[in-house]
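**Q** Swiss-Prot lists 21-43, 58-78, 93-112, 116-138, 145-165, 196-216, 224-244, 257-277, 285-305, 309-329, 341-361, 379-399 with the feature transmembrane segment, giving sequence analysis as the kind of evidence.
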Amino acid sequence: MLKIIIPTIMLLPTALLSPKASLWTNTTTYSLLIATISLQWLNPTYFPHKNMTPWTGIDQISAPLLVLSCWLLPLMLLASQNHLQQEPLVRKRTFIVTLTTIQPFIILAFSATELTLFYISFEATLIPTLILITRWGNQPERLSAGIYLLFYTLISSLPLLVTILHLHTQIGTLHMPTLELTHPLLTHSWTGTLSGLALLMAFMVKAPLYGLHLWLPKAHVEAPIAGSMLLAALLLKLGGYGIMRVTLLMGPLTDRLSYPFLALALWGALMTSSICLRQTDLKSLIAYSSVSHMGLVIAASMIQTDWSFSGAMILMISHGLTSSMLFCLANTNYERTHSRILLLTRGLQPLLPLMSVWWLLANLTNMALPPTTNLMAELTIMIALFNWSTPTIILTGLATLLTASYTLFMLSMTQRGTLPTHLTSIHNSNTREHLLMTLHIFPMLLLMLKPELISGVI
């Protein structure tokens, strides 16, 4: 554990002390090295927890998410180079330091076996994210987006803190493996239900559940590219991971606790997919598609079967890589045309032919084309939900159909059609961008060959 966390923390002096010429090279290479070392966590184990320290441990649910979080840091640095070109050196260093600060907190959140540490690191990721959005966002609305993010997250996580403290007074320990043996909140009383609700609510907002998702499109649209990648690929996964952890703690959920969440998640997957079909803003479209995918993850986590957990895990990892790649592609368009409106950025295929190949690949993985891991995840979740209740096949089937529709809509709008007249000169795509897309799609292609690495078998 420490052999990843300590090098990650040492990225801070690297960013602060590197000379101007080699600042990006040093930090990106160093973080790629950390990402490569973290791949050993995927090594299958016969023990439920490995690398155990008194506070942290890795099992098959957290290992894939930990590797994903290490893998994305160099990609965020690669993606941010262009839009920070005009900034003074001090601000570049500050930006890299802010990005790097989030990393140890995310690693701790995914590997904590102690609920207090989990809560602290879960909340600590909020501060650097807020700085990223409110300082490096593009429009003045970024302040409103930051306030939405802050208040949604804080209001939902205060009951979580109270319940964690209540658990500690009730049982005397907050060690997760111990709590899993006791199932502390199994009462059918209203207090038990309220405690369960308080535990779940913080993660439902983070995931986000439909109805509690209003902060997400705002935050995504206003954030810089690194902020969007961070939100889509890692912070939403913190919500999904928290739900899986907490539902394991609570044992079988009562009907009155799980039904509303299940109904909202599945209905939300349908509604947000429909919203995507009439979006004009590219980043907003990708943000709503994230809500739709995470709705399936929430629904799967709520029914608490091995198959559903496995499907939720695969979907979280696949969606992390896919949506991050889509945001990078949207950003490459934005940097050239200075617009996110789909009507103003259409018909780019003749001008950027190689980029349109990446667009095609990203969209095909997003709409769950076989044999991608997205398809395996969606099928597993659909089967688990169908097994739990037959009518859910209508909702999941429609959601899948709408996903394919809005993905093709996004592809045709950005790549096809006549080129708008105001686009007179567009820079060619460069090697850095192609490397960035390759590093997104390469893990996806490799995971197709061995999806059990991320299937999180409990």
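Cβ atoms here come from the backbone N, Cα and C positions, even for glycine.
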**Q** Six or more residues out from either end of the transmembrane segment (93-112), which same-chain residues have a Cβ under 8 Å from its Cβ atoms?
**A** 1, 4-5, 8-9, 11-12, 15-16, 23, 27, 31, 51, 55-58, 62, 65-66, 69-70, 73, 76-77, 80, 84, 87, 118, 121-122, 124-125, 128-129, 131-132, 136, 176, 226, 230, 234, 238, 241
**Q** Can the transmembrane segment (224-244) be said to touch the transmembrane segment (257-277) if we require at least 3 CB pairs below 8 Å and skip pairs under 6 apart in sequence?
**A** no
**Q** Looking at the stretches 21-43, 145-165, 196-216, 285-305, 309-329, which one shares the most CB pairs under 8 Å with the transmembrane segment (379-399)?
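**A** It is 285-305 that shares the most Cβ pairs under 8 Å with the transmembrane segment (379-399).
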**Q** Considering only Cβ pairs under 8 Å, which range in 116-138, 145-165, 196-216, 309-329 makes the most contacts with the transmembrane segment (257-277)?
**A** 196-216
**Q** Determine which recorded stretch among 21-43, 58-78, 116-138, 196-216, 309-329 has the most C-beta pairs below 8 angstroms with the transmembrane segment (145-165).
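**A** Most Cβ pairs under 8 Å with the transmembrane segment (145-165) come from 196-216.
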**Q** When you check the transmembrane segment (58-78) against the transmembrane segment (341-361), do you get at least 3 Cβ pairs under 8 Å, counting only pairs 6 or more apart in sequence?
**A** no
**Q** Which bits of the chain, at least 6 residues beyond where the transmembrane segment (309-329) starts or stops, bring a Cβ under 8 A of a Cβ in it?
**A** 61, 64-65, 68, 72, 75, 79, 220, 225, 228-229, 232-234, 237, 240-241, 244, 283, 286, 289-290, 293-294, 296-297, 300-301, 355, 358-359, 362-363, 365-366, 372-374, 376-381, 383-384, 433, 436-437, 440-441, 443-444, 447, 451, 454-458
**Q** Please give the sequence-distant neighbours of the transmembrane segment (285-305): residues at least 6 beyond its ends with Cβ less than 8 Å from one of its Cβ atoms.
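**A** Same-chain residues near the transmembrane segment (285-305) but 6 or more away: 204, 207-210, 213, 216-217, 220-221, 232, 236, 239-240, 243-244, 247-248, 252-253, 258, 261-262, 265-266, 268-269, 272-273, 275-276, 279, 311-312, 315-316, 319, 323, 326-327, 330, 342, 366, 378, 381, 384-385, 387-388, 392, 396, 399, 402-403, 406-407, 410.
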**Q** Are there residues at least six beyond either end of the transmembrane segment (196-216) with Cβ under 8 Å to its Cβ atoms? List them, or say none.
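**A** 122, 145, 148-149, 152-153, 156-157, 159-160, 162-163, 185, 231, 235-236, 238-240, 242-243, 246-247, 249-250, 253-254, 257, 261, 264-265, 267-269, 271-272, 287, 290-291, 294-295, 297-298.
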